[in-house]
Amino acid sequence: MELHILEHSLKVASIAKEGIQICTHGLIKLAFLPSKTREGAFSAIKQAKPAIKELDKHFKILEYQSTSSLYSAHDHCDQSLWKQSLFGLLFESGFVHLCKFFSLTETPEDYTIIVDEDGFKELPESEFLSVADATWLALNVVSGGGNATSSQPIGVTKIAKSVIAPLADHNISVFMLSTYQTDFILVRERDLPMVMHTLSSEFTLLRVVNGETVAANMPRPIIHPLSSPSNMFCVTSLDPDTLPSVATLLMDVMFYSGGAKDSTALSEDSGHIRFFSFSLIEGYISLVMDEQTTRRFPNNVLFTSASGELWKMVRIGGQPLGFDECGIVAQISEPLATADIPAYYISTFKFDHALVPEENIQSVIGALRTNECTGQ
C-alpha cells in the first residue's frame, strides 16, 4: 500500500455559531468559486476587480444586518434576486482563489473549518474564529497507484491497525476527515519525520510536489555537534539522614559555585565546565559532580562504587536544543546501545549530557562521529 503525503499546508479552525455571518463572505468564495493555479490567478483577479467592488457592496449590506435574517438587508432586495445577482457576479467575473483544500462541518456547537493556507487568507480576524496553533499535513492511504482521490480508498477501519494505532503508540496526534472519495489523516507538520519513520516499514511513502507524485525521502536527522569537557565526573548518592551535616557545603556548591568560595574550580577555558546535578525524588538523593567537587565532601559521606568509577561527559548541542525536536536522545543512546556501553543521560533546559565510563570515552566519541557522518 502507498501513503501519500499531500502538498497542502492546512489550518484547522472553529467558527462560533454567532459569528458565522462575519465569515460568510470568505466561505462563499472558498466553497463556490473556481480555484486556479497561482500562475493563472493574478490576471483573473485583476480582471475581477470591478465585480469585487460590487460584491463588497452586497456584503456590507449583509454585515450591517448581523442580527437579522441572512437576506433581509433591504425591503427592495428580494432574496432570490439577491442570490442570483450575487452568484452571477461571482462566476461571470471569473474571480478565482488559490485554495485547493477546503472543508466546512457544522455541528450543534460550531462550524469546523479545514482549509489550506491560501484559503485561510479569505477568513477575517475575529473573536469568533479560533485557530489551532499547528500547521497540519494531509496523508492519504491508497492502493493501486494513482493520485489520492482517484485511487481506491482503503477505509478508516482498515487503516486503524496499520496507521492510526502505530501513530498513537508514538504519541502522534491525528485529525481525521472522511469524505465520499477517501479518508484524510491530518498530522502536525512538525510530527512528519516521526510519522514517516513510524510508517515506512508498512507503506511505500510518496509525496505530492506541484501536483506530481514522487518518492518521499526520509528526512535526514539533525545531527547536533558534540563536545567532551576534560572534567571527570562522579555519579553518587548520600544517606538522607546525613543531609543536615553537609547542607551548608551543598548550598555552597549549588548556589555559589561561580563565586570566589569555589577555590578548586578551574577555568572553563582549560576545558573544564561547571556541572552539578542534585535530585531528591521520593526521599532518594542523587548527585552528579566533577571529581574536584567530590573532594570537598567529608570522607564516607558520599556513596561510591568499590572501583571508584569515574565518568566522562559528552555534551550535545552547539545551540540551545529546545523542546520540539525528536531524536536527540536517540542520536546518542542508539550508538551506545549498539556498542554495549552503559551511560547516564541528563537533559537540561538548553543542552543534553551523556556520562559514559572513563575508559570508554574514545570508543564512544568514535562511534558517535561515525554515526554523525552517516547521518543515522
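Backbone N, Cα and C atoms are what each Cβ position is placed from, and that goes for glycine too.
As annotated by TrEMBL, domain 'CASTOR1 N-terminal' applies to 9-43 (among others).
The domain 'CASTOR1 N-terminal' feature in TrEMBL is assigned to 99-129 (among others). Packing against the domain 'CASTOR1 N-terminal' (99-129) from elsewhere in the chain are residues 6, 8-20, 22-23, 25-27, 29-31, 35, 135-136, 138, 175, 177, 179, 186: each is 6 or more residues past its ends and has a CB under 8 Å from a CB in it.
Residues or ranges marked as domain 'CASTOR ACT' in TrEMBL: 133-200 (among others).
Taken from TrEMBL, the feature domain 'Cytosolic arginine sensor for mTORC1 subunit 1/2 ACT-like' covers 224-306.
The domain 'CASTOR ACT' feature in TrEMBL is assigned to 308-369 (among others).
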Suppose you look only at the domain 'Cytosolic arginine sensor for mTORC1 subunit 1/2 ACT-like' (224-306); what would the mean pLDDT be? 81
